[in-house]
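Per TrEMBL, these features apply:
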- 6-33: transmembrane segment (TRANSMEM)
- 54-78: transmembrane segment (TRANSMEM)
- 84-101: transmembrane segment (TRANSMEM)
- 113-131: transmembrane segment (TRANSMEM)
- 190-210: transmembrane segment (TRANSMEM)
- 222-241: transmembrane segment (TRANSMEM)
- 247-267: transmembrane segment (TRANSMEM)
Amino acid sequence: MAFINLFRGMVIGASIIVPGLSGGTMALVLGIYDQLIMEINGFLSKNWRNHLGFLIPLGLGMVASVFLLAGLLDWLFLYYPKQTSFAFQGLVLGVVPYLFVKSNAKVNFKQLHYGLLMMGLLLTASMIFVQDTNITVISDPDFLTYLQLFFAGVVGSIALILPGLSGSLVLIVLGAYHTILNAVNTRDFLILAVVSLGMGTGIVLTSRLIKYCLLNYQHATYAVVIGLVIGSGIVIFPGWPVGVMDLITSMVSFLIGFGIAFIFGQFEARKLQRTKVI
């Protein structure tokens, strides 16, 4: 189980550093989003030791992925930008059918829920207008800059744990993305520690809110989540390839990504059905 969670953490970690992708979305693809929220909240209780077996390998996988896969993702986006983007888009959109099944939308969704779905979709899709114009890298920050980086970590972690919202895009908006990415590459552990502290604070606050929403407004919460996920699929659309071969390979990449997420979703849907029967 620890090895599986280590792998899951690496998948989630890889999504963190890709603008347009969300760690929460990847947790949905892997079928562990609800469990992740409950485990984080459980870690903050008096029985916190019971949740370390899930969270430690997941966290180690995320950290390892950020450091080990950053170079690979940079290479893929440099030499195969369309194919890589379409593969990630397929991963994101491939989880949508499972979300409709999990929420039992045909039965539970009313007009209000579809309105919330559209709100979530438009909120995430509006991120398509974010332009990465601030490429300033701060390598010698002062106290005020550290406070700004802490705040960026808090806000970025909210997007990290909320499906559909990209933490990387939020950090771009806040002007902190390139500074943090440079800190990862140069092993500036002081900057990384400040950002991590902010992220930890944001994760605690956000996980409590999402747990409350899941327990008290489950259908409305999933309506918003579905909208956020569909919207994020729009955000990472890279545009149509120009050449025929690029178009074919991009479509194949999309189908592979979609198929992987869809298969994961079908597996989780069957587990859900077995649980209901039991």
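Cβ from N, Cα, C; glycine included.
Small disclaimer: the values here were computed from a predicted structure and weren't measured.
As a quick check, the transmembrane segment (247-267) and the transmembrane segment (84-101) clear the bar of 3 or more Cβ pairs under 8 A, pairs 6 or more apart, so the two touch.
Below 8 angstroms of C-beta separation, residues 15, 18, 20-21, 25-26, 28-29, 31, 73, 76-77, 222, 225-226, 229-230, 232-233, 236-238, 250-251, 253-262, 264-266, 268-269, 272 of the same chain, each at least six residues beyond the ends of the transmembrane segment (84-101), sit close to that stretch. Tertiary neighbourhood of the transmembrane segment (54-78): same-chain residues 2-3, 5-14, 16-18, 23, 35-36, 39-40, 43, 84-85, 181, 184-185, selected by CB-CB distance under 8 Å and a gap of 6+ residues from either end.
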